[in-house]
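Down below is the structure, laid out as structure tokens.
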Amino acid sequence: MASTGVSVIVVGLGLAGLTTAIECHQKGHSVIALERSKDLNYVGKIIDDTVMIDNNAGVIVSKWGNGAVGQALNAWKFNNTQASVYDTTGKQVQTIEVRKPSSNKYLILRRELTKIVYDHAKTLGIDMRFGTEISDYWEESDQAGVSANGQKLQADCIIWADGVNSKGRDSVAGSSLKPTHSGYAHIRGRADIASLKGNPDAQWILQGAGEVDQMIFVPGPTACLTIVTCGGGRNVAFSNMYKVESPNSAKTSSTPATAQDFLKPIQSWPFKANIEAVVQAAPSGSLVDEPVLQLGQLPSWVSPQGRMILIGDASHPSALNSPIGESLVIEDAAVVAICLELAGKGNVPLALRVAEKIRYVKQSNNNKNIPRASALQHNVEQPDQGINMYPEVPLRDWVSEHNSQEHAYEEYDKVVKAIRGGKEYVATNIS
């Protein structure tokens, strides 16, 4: 592709950073990507939970490498459109619609997705530097830069994709707002389906394995479990989102967990033995207990001089058990790369402000229902009280069927006109 002359420093090499680096490279920008972890295995949350890539993100990544990435993802296509809800006795009480069929929807292990995306970035020759600690950063009217491992690096802009505890947030957003504990945490892990086949207590999760993916919710007064099968019936992943007794003093970083930690909040459930059969099959040392952090609405994602922008969890961490967080991160990456392409080297601050305008309102609307849904899931009544239906919070078409790339090209000039005219940009593709 032709070079745009735009140079970009991407901070963070989780899914947000990797996707940003790839999208910027494909648009002809020069990219250096920095990651403090020593290698890919230590980046962010590379654990054995699952990631839902919905159609809005699948249409982006499946095209990479002339379809090679899509081919690699095919083994993880999500072919189920319904979720089953069980009560704490093990009785199925509800079926809810969760997705429309699509060839670009994937339910994949996080580590597998990260590896596929990273391998593609390597084939493109992107400059990715692990073990890089940023000690300082700055912006001027014509450039931005970082001091990393004793070296100064400069570029036309910095894209901060370094997660909920972003190093650049204070200066970029002009806010001291810090993530706080939500009052919830979740323990996550996975197991091989093959390891469950001889256990009679695990047969309930094996129904249809290899034919259709299973998605099961078990809400209760002390925890809300999500159990899914994926990869053509090869894997089962599970999550226990539980209430934290003292969130103000609770840990704010991930720690190793055990099967007993996972089971502790559900000791009184009659369904416990069947759940335990699945959880105990997880490889030793593979479970992680992670606090769910939340961040209020930032006043801005773009720095005062327009040379730095926050994307992904650095700007809008997905609340609680959102199934769409990773898909929105991929959209962010695609949009900022397109805006830099259209604006060109001489208008980088404008490009970042346009990208913010296009994404800001949409992300705000995406997150409105998620805290409410999570609270409802922990207030589902139990059989002895009369079952209260599990809340359905549909993934609206303007989210799952959105084409962020087409939309960015269509809206770019409108947003530029609004910014230059000092008017508010009004998004029309949300409801």
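Heads up, residue numbers simply count up from 1 along the chain you see.
Just so you know, glycine gets a Cβ as well, placed from its N, Cα and C.
Taken from Swiss-Prot as is:
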SIGNAL    1-21  signal peptide
BINDING   E35, R110, D313  FAD binding site
ACT_SITE  R188  active site
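This view paints the features noted in Swiss-Prot onto the structure.
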| residue | record | CB count, 10 Å |
| --- | --- | --- |
| E35 | FAD binding site | 25 |
| R110 | FAD binding site | 21 |
| R188 | active site | 25 |
| D313 | FAD binding site | 28 |
Distant-in-sequence neighbours of the signal peptide (1-21), which means Cβ under 8 A and at least six residues beyond its ends: 27-35, 37, 40, 43-45, 51, 60-61, 113-114, 117-118, 121, 126, 128, 130, 134, 144-146, 153-163, 166-168, 311-314, 326, 329-330, 332-334, 336-337, 340-341, 344-345, 348
Proximal residue to R188 (active site) among binding-site residues E35, R110, D313 (C-alpha distance): R110
Secondary-structure category, per DSSP, in which the residue listed as 'active site' falls: strand
